[in-house]
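Participant: Okay, so Swiss-Prot annotates it like this:
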ACT_SITE  Y116  active site, proton donor/acceptor
BINDING   N272, Q362, R368, N399, K470, E498, N501  (E)-cinnamate binding site
MOD_RES   S218  2,3-didehydroalanine (Ser)
Amino acid sequence: MAPSVDSIATSVANSLSNGLHAAAAANGGDVHKKTAGAGSLLPTTETTQLDIVERILADAGATDQIKLDGYTLTLGDVVGAARRGRSVKVADSPHIREKIDASVEFLRTQLDNSVYGVTTGFGGSADTRTEDAISLQKALLEHQLCGVLPTSMDGFALGRGLENSLPLEVVRGAMTIRVNSLTRGHSAVRIVVLEALTNFLNHGITPIVPLRGTISASGDLSPLSYIAASITGHPDSKVHVDGKIMSAQEAIALKGLQPVVLGPKEGLGLVNGTAVSASMATLALTDAHVLSLLAQALTALTVEAMVGHAGSFHPFLHDVTRPHPTQIEVARNIRTLLEGSKYAVHHETEVKVKDDEGILRQDRYPLRCSPQWLGPLVSDMIHAHAVLSLEAGQSTTDNPLIDLENKMTHHGGAFMASSVGNTMEKTRLAVALMGKVSFTQLTEMLNAGMNRALPSCLAAEDPSLSYHCKGLDIAAAAYTSELGHLANPVSTHVQPAEMGNQAINSLALISARRTAEANDVLSLLLATHLYCVLQAVDLRAMEFEHTKAFEPMVTELLKQHFGALATAEVEDKVRKSIYKRLQQNNSYDLEQRWHDTFSVATGAVVEALAGQEVSLASLNAWKVACAEKAIALTRSVRDSFWAAPSSSSPALKYLSPRTRVLYSFVREEVGVKARRGDVYLGKQEVTIGTNVSRIYEAIKSGCIAPVLVKMMA
């Protein structure tokens with residue numbers, strides 16, 4: 001059973017300070033003196049992705065109420081409200097309430113003037129005029145409530161209803177962001193309307209909102225209209241509450257609330273913003289941050305499984321010669337994860353050319369170049385985090401906007417969600433490229449010709465009857481191909497809309513949805529990678545345990561059969577021949593592999609003892625004895641490994657102290673063990689797919705995030 005996200009995240013929260021509110025306090029307690037670009041509230045060039053994930057976990061897992069003031073909402077707060085049900089309220093600040101009331105009063109004085117969306121029509125119909133400002137808001141909602149949802153409760157009861165609706169967490173996040181934006185007092189939306197939204201959130205009432213139908217140009221008009229209609233008690237609005245779907249009217253009555261009547265501009269103020277796109281983007285980016293940390297952890301584990309070189313992550317290569325900040329960050333993370341590993345090569349000894357023949361001098365690109373590959377992706381995600389922090393926490397997205405200081409109404413394009421859409425394009429590409437490096441690391445590890453003597457397909461028994469990870473190899477290719485397709489831009493598909501008025505638009509919600517979909521596919525791929533790499537480090541542990549007994553055995557048999565002729569130099573040549581052959585015949589079954597290995601090694605003995613009197617009989621006797629003893633030894637080591645309790649797995653003593661944390665999490669808490677094989681055991685166990693599914697669920701639920709933070713902190 002995976003640990004509770006809340007229990008782990010709370011411990012992280014207790015160790016971190018709330019930087020936003022501390023910054024506000026440092027400004028005399030008045031956050032409203034800050035500008036929208038208040039740098040102290042946002043990621044800086046010194047901020048690492050690990051810092052960001054720690055902060056998100058802390059804010060999301062906090063137990064205090066989120067106070068919305070238009071300036072200090074963090075992305076972690078949005079995650080907390082959306083996924084953890086953190087309660088929210090409009091901050092108890094006289095300044096906020098005064099500003100909101102003043103904007104409402106200023107608008108009242110402008111009702112005789114031509115104000116867009118208050119006395120005029122909407123969009124391309126802004127050439128119409130009306131004096132009935134209240135009815136105009138109803139007309140706005142009427143034409144925007146045009147999405148496709150089930151026509152009866154039976155559709156929801158049969159599980160068909162939510163396939164065309166936004167995830168409930170996205171709607172909750174959108175409501176939180178919209179209230180936060182409206183507290184800034186630029187939209188003339190009354191406190192009572194904002195409190196209607198927070199009451200819905202705090203009573204667990206979530207509007208059912210269509211998945212599609214917005215181009216995120218003049219905000220997310222249609223999705224936000226469904227939210228606005230719900231708080232007015234629209235008779236055809238559906239909501240989710242207490243695990244049930246019911247009408248908004250029923251939910252309002254059930255929870256003892258009151259519907260609101262929208263005043264002038266309040267319908268427009270509710271729907272003319274980017275909150276839905278920003279909410280989906282925030283959740284997608286949060287997941288992408290965690291997947292990035294997991295990709296780095298998997299790189300470290302793959303280095304261990306492949307007996308790779310820690311030197312690829314040396315500070316000289318990154319901090320000194322090519323000091324891109326996020327490349328340095330990724331290299332440092334992987335280097336830190338490898339500290340203390342008995343698998344990874346930490347100190348390379350210079351060797352002569354003749355002693356190095358046939359040996360791969362350095363790791364292949366997927367491991368060696370991973371900081372250079374992942375670093376720029378991390379940079380894009382950190383930038384996306386800064387953009388979304390501004391969008392969700394410190395921005396007014398509406399039109400027109402009220403400028404109280406200058407007593408003006410500004411008509412502009414503050415609703416355009418291109419900033420959100422652009423971050424999602426870059427994030428989704430980063431997600432696809434993370435998948436690419438994971439796929440290449442994984443397939444190298446599964447390939448018997450590339451994986452430094454690991455068994456073919458990571459089979460724990462004879463490869464002729466165990467193809468363990470072969471299906472996963474194919475599945476990983478499918479996931480990677482799909483990621484490549486999803487990486488294509490959405491923004492290039494903009495179409496002119498709404499009488500040509502919205503001739504350019506952002507498609508931000510579509511892009512955010514595609515990014516969330518890409519995250520899901522990457523989660524499948526990384527779950528597959530994690531399953532395989534843990535099997536690989538277990539098999540490598542068996543190899544290391546075998547080597548401890550195997551090398552003395554080779555020494556003993558050389559001396560037993562060749563006496564004083566078996567010098568250290570002869571032994572060294574024979575040993576090199578053996579290990580070279582073991583990297584070439586790892587797709588053979590056990591008995592065939594050892595007989596083949598010592599047939600080849602016999603040639604090394606002949607070469608090493610050239611000029612000495614050695615009979616063919618003694619050579620053959622040595623070859624047969626070595627093969628038989630090696631076969632028996634391998635079987636003994638295997639049986640000991642599988643008989644041992646999982647908590648005493650040999651891999652634990654070879655892994656680094658930090659990668660050991662992730663290994664133990666999967667093996668013990670998620671409950672996915674190393675696999676020996678159905679054919680060998682003579683019975684069918686839990687399928688490979690079920691075990692990968694368990695890891696996938698640990699990723700998707702968020703349980704793995706605190707584990708990754710613990711590893712890297």
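Placement of Cβ uses the backbone N, Cα and C atoms for every residue, glycine included.
Just so it is clear, the model here is predicted, and its values are computed rather than measured.
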Participant: Ten-angstrom check, please: count other Cβ atoms within 10 Å of the Cβ of N501 ((E)-cinnamate binding site), all chains counted.
Facilitator: 14
Participant: Near S218 (2,3-didehydroalanine (Ser)) in space, meaning Cα within 10 angstroms, which of the recorded positions do we find among Y116, N272, Q362, R368, N399, K470?
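Facilitator: Correct set: N272, N399.
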Participant: Cβ-Cβ under 8 Å from R368 ((E)-cinnamate binding site), same chain, 6 or more residues apart: which ones?
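Facilitator: Those within reach of R368 ((E)-cinnamate binding site), by Cβ under 8 Å and sequence separation of 6 or more, are H309, S312, Q362.
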Participant: Using all protein chains in view, find how many other C-beta atoms are within 10 Å of the C-beta of N272 ((E)-cinnamate binding site).
Facilitator: 25
Participant: Including all protein chains displayed, how many Cβ atoms other than that of Y116 (active site, proton donor/acceptor) lie within 10 Å of its Cβ?
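Facilitator: There are 17 such Cβ atoms around Y116 (active site, proton donor/acceptor).
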Participant: Taking the residues the record says bind (E)-cinnamate (N272, Q362, R368, N399, K470, E498, N501), how far apart in Å are the two Cα atoms that sit farthest from each other?
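Facilitator: 58 Å is the greatest Cα spacing among the residues binding (E)-cinnamate.
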Participant: Provide, as an integer number of angstrom, the distance between the C-alpha atoms of N272 ((E)-cinnamate binding site) and Y116 (active site, proton donor/acceptor).
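Facilitator: So the Cα of Y116 (active site, proton donor/acceptor) lies 12 Å away from that of N272 ((E)-cinnamate binding site).
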Participant: What is the separation, in Å, between the Cα atoms of N501 ((E)-cinnamate binding site) and Y116 (active site, proton donor/acceptor)?
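Facilitator: With distance taken Cα to Cα, Y116 (active site, proton donor/acceptor) is 14 Å from N501 ((E)-cinnamate binding site).
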